[in-house]
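Read through the structure below, which is laid out as structure tokens, and then see the notes.
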Amino acid sequence: MLKFTAISFVLLNAAESVDHQKPIRALDSQPLLKFTRTPNDSNVTFGEKFVLSCGANGAPLPSIYWELNGMRIQGEETSNVYENILNDGKQVSNAAMVSSHYRIPCATARNSGAYKCIIDNGLTKLEHVAKVFVGGNKTNCALNDNGAPFISMTVDFRLEISNNAVALSCRSETATEWSWHKGEQLLTNDGERYQMFPSGDLIIRNISWSDMGEYNCTARNHFGETTAITFLYPTLAK
């Protein structure tokens, strides 16, 4: 579960700049991009389930995507498009901590290779490569991985200026029904403050101090459900 240490982490680093990048006038601080977590080289046994994880801290909000041997396998280069439209012309923080997880449900020889995690805040990119080798006795993999949804991406922490709109995001690798809670409150599309998208995004308009806190995104299918947590921290304009 994300604790208040995450707030300190983002606030202390939000003023650091990305090398050789000019400030964005709309941002309330210098651009930032850094890894918070990188995947390790791994030896995996045939038939084993494994997960590679990667994390980023950044402003503007970073996206994370994965490549295997130079081919895109998961993720997107752009994120937060709707939030950017709603906040057009405003000063923004647009700072976040983001996590991404790439899952292999049953390892085979084709899963061996160089996995590259790429983080991108729209101004610069950073890359990290982890080499995975699949070996041992070969085994047959089931055709279907019937289970609760796997949440492959979360915005773990968001920092945004009060009165702006903010997007809290979760993603799943499979078709999923999404719901969002703040504490015990189930959030619904009310046409004014909250808007939820099939992709897993929750948009909150005109945020205020009362919106600060933990939000739970829940992915659900016929086999079960999985929940992830994000934290929203509204700030004052500088």
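Positions of Cβ are set from backbone N, Cα and C atoms, glycine also.
In this view, Cys54 (disulfide bond) is surrounded by 26 other Cβ atoms within 10 Å of its Cβ, with every protein chain counted. Look at Swiss-Prot and you will find Cys54-Cys117 (among others) tagged as disulfide bond, backed by sequence analysis.
The disulfide bond annotation in Swiss-Prot covers Cys170-Cys217 (among others) and is backed by sequence analysis. When secondary structure is read from DSSP and collapsed to three states, Cys170 (disulfide bond) falls in the strand class. For Cys170 (disulfide bond), other Cβ atoms within 10 Å of its Cβ number 27.
Averaged over the domain 'Ig-like C2-type 1' (31-130), the predicted model has a pLDDT of 94. According to Swiss-Prot, the domain 'Ig-like C2-type 1' annotation covers 31-130, on the basis of sequence analysis.
Per Swiss-Prot, domain 'Ig-like C2-type 2' is recorded for 149-230, and the stated evidence type is sequence analysis.
The N-linked glycosylation site feature in Swiss-Prot is assigned to Asn40 (among others); the stated evidence is sequence analysis. Sequence-distant neighbours of Asn40 (N-linked glycosylation site): residues of the same chain at least 6 apart with a C-beta under 8 Å from its C-beta are Ala130.
Residue environment of Asn43 (N-linked glycosylation site) contains 12 other Cβ atoms, counted within 10 Å of its Cβ in all protein chains. Under DSSP, Asn43 (N-linked glycosylation site) is assigned to a strand (E or B) in the three-state scheme. Residues or ranges marked as N-linked glycosylation site in Swiss-Prot: Asn43 (among others).
Taking all protein chains in view, 7 other C-beta atoms sit within 10 angstroms of the C-beta of Asn137 (N-linked glycosylation site). A coil conformation is recorded for Asn137 (N-linked glycosylation site) in the three-state DSSP classification, outside any helix or strand. Annotated N-linked glycosylation site per Swiss-Prot: Asn137 (among others), in sequence order, evidence recorded as sequence analysis.
The Cβ of Asn206 (N-linked glycosylation site) has 13 neighbouring Cβ atoms from other residues within 10 Å, across all protein chains displayed. DSSP classifies Asn206 (N-linked glycosylation site) as coil under the three-state reduction. According to Swiss-Prot, the feature N-linked glycosylation site maps to Asn206 (among others).
Asn216 (N-linked glycosylation site): 17 other CB atoms within 10 A of its CB, across all protein chains. Annotated N-linked glycosylation site per Swiss-Prot: Asn216 (among others), in sequence order.
The signal peptide annotation in Swiss-Prot covers 1-17.
Across the structure, Cys170 (disulfide bond) and Asn216 (N-linked glycosylation site) are spaced 10 Å apart at their Cα atoms.
Across the fold, the C-alpha of Cys117 (disulfide bond) and the C-alpha of Asn206 (N-linked glycosylation site) stand 33 Å from each other. Sequence-distant contacts of Cys217 (disulfide bond), defined by Cβ-Cβ distance under 8 angstroms and a gap of at least six in the same chain, are Ile151, Thr154, Leu168, Cys170, Trp178, Ser179, Trp180, Gly200, Leu202, Thr227, Ala228, Thr230. Secondary structure of the domain 'Ig-like C2-type 1' (31-130) per DSSP (helix as H, G, I; strand as E, B; remaining residues coil): 9 helix, 56 strand, 35 coil. All protein chains included, Cys117 (disulfide bond) registers 26 other Cβ atoms within 10 Å of its own Cβ.
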